[in-house]
């Protein structure tokens, strides 16, 4: 993994005397106290991030957590107070205005929550806006703009004006405008937050699709955990101007760094976030099928001793074979049959990456806990009705 | 061009001649007046001085502001004459050009041209209105005067735009500039026009050119203020977006700020135009010709007919110009078309071509 964009010890303090506030921060005085004493607002405090090339990196936090400030520090729409922003190892906090403009024109584009389309230009000119600023001639920039519009499926609206489009279409134009420059880095500041949920999902899919065509580095700002989980390769969580946790969605979900991070998950629809693997329990009883003997009687004995009605049969390499019950075992012992004939055909395993939303009815109708297997048919665990209920009860699951 | 067809040409020739012969007619007069005033204040005041009484503290003037101003203005007049002549020159040249064009052009051509422009800018209704209004102007015998007034107003507004929009842009860009310019605008707008007629006459003389200068002073404020306002009101997210795509200052101004501020700026131009027209009557006091002079003569001679004709002329011009500049503030889409050239006479022409 190549690091595309790196942020090192970045600070932003709003106000007249940032130095004073910086000193107080060094002494460990908190943000509210600094504001009370000096009137300086700490926007971002000691943020360090390394964003890899080609990943969708989501910065998440509640409003006021400094995420929008952080993203603006990345292209210096807001001047950092202290610290470094490295694009391909090059510190952009030190470049002069002209070089900064060149970087903004060629390397880094932004999509805004409010769309920020120019009302006096039509869709095509809006899309070509970045190239127009770079001084590209009309024909070439219109051609590239048309390509970008085609990528977001809006080429037929090239001559419309922004106020004639719906919100979702406007943001597609915003996205196309950012793509026209063919930037390495795409900054998206709550880009889909102003859209209704259906369009939002559609736009997320669109972004992921575009990402699969061209590997761009995307920094996505969001306050919506569902969105972050859905599209993010990695997520950084911000609180009060600080980055409190960085990790993959699973990491953060399973090991939240503090209560603030944990509190995000309270509202999350876990049935979309978790998959079968996440909640499968290994505590159930497994019977190992041996080559030498069928081991029917020992199996039955094991189940009886542990007071279980069902056993999950795997082979020595952990491959799942099937489910047996005490009744089916007794039947085959009586009829002198083999273990494979004791397996109950009705109970089929579910794949490990099935989302919880999709397994609810399977678990509900199954006589026993449902086995989960991975894509190599290896046994992962089982999901019982109780386990499923516990997961769906959000408060208890975190 | 004969002198009869263009009376203003002779007037400006006169002033030119006066300047060349007596290099400073106003300066001389002012300085004698001034020395009188000085001697008054030097010798007269101590004689008049009575005991200071708390009951009548303001019986005597404490600060002789009037004589200070007189001294100041006459000093400027004597020492900066070339400067003011230089200021006058471009105004003079523009005014002469515009005025002679309007007055020399056949009235029917002017009427037709106005009709076409009105049609293009606004629509058929305004075009018909303009034509009818201008024919009325000619019919009531105010054509020549109307054209003179029109030339004065057009020249003034032209200079107001040329001076006002850059000033407005400067105000919008720098809070410090705004802080300095705003009180000056306040003074220009609140000082009664009569007050600065006197120093203007002393500095620039009388006639149409000083009339234009007075009109500029009186009318420039709205276009400056509204340019400033328009640019400051451009939504900050659009400014941010333009910045994020690497716009430099010039691109920001011409590609984002000015286009978005245009309706507001046009409202300022419209207001400037209206103020310019209302200044026409007052400016006639310093021997500015046109409809204002008709009104002034009418008042002087109690000639209600003449005054009314002048008044009606101003109103007709005002309505036509107001409607035309108002429609400048709308873009084509507000009028239901994609592009401005799709309607009006040009639209018709293009349609024929196809």
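Glycine too: its Cβ is placed from the backbone N, Cα and C atoms.
The region 'Disordered' annotation in TrEMBL covers B:1-44. The transmembrane segment annotation in TrEMBL covers B:100-119, B:126-144, B:150-172, B:212-231, B:275-295, B:302-321. Annotation comment: TrEMBL describes B:146-325 as domain 'ABC transmembrane type-1'.
For the transmembrane segment (B:212-231), the partner stretch with the most Cβ pairs below 8 Å, chosen from B:100-119, B:126-144, B:275-295, B:302-321, is B:275-295. Proximity of distant same-chain residues to the transmembrane segment (B:126-144), defined by a Cβ-Cβ separation under 8 Å and at least 6 residues beyond the stretch ends, is recorded for 103, 107, 110-112, 114-116, 118-119, 291, 294, 309-310, 312-313, 316-317, 319-320, 323-324, 327. Residues of the same chain lying 6 or more positions beyond the ends of the transmembrane segment (B:275-295) and with a Cβ under 8 Å from any Cβ of it are 7-8, 11, 142, 145-146, 148-149, 152-153, 156-157, 160, 193-194, 197, 200-201, 206-208, 210-211, 214-215, 218-219, 221-222, 306-307, 309-311, 313-314, 317-318, 321. If you look at the transmembrane segment (B:302-321), the same-chain residues 6 or more away from its ends with a CB under 8 A from one of its CBs are 114, 118, 126, 129-130, 133-134, 136-137, 140-142, 145-146, 149-150, 153, 273-274, 277, 280-281, 291-295.
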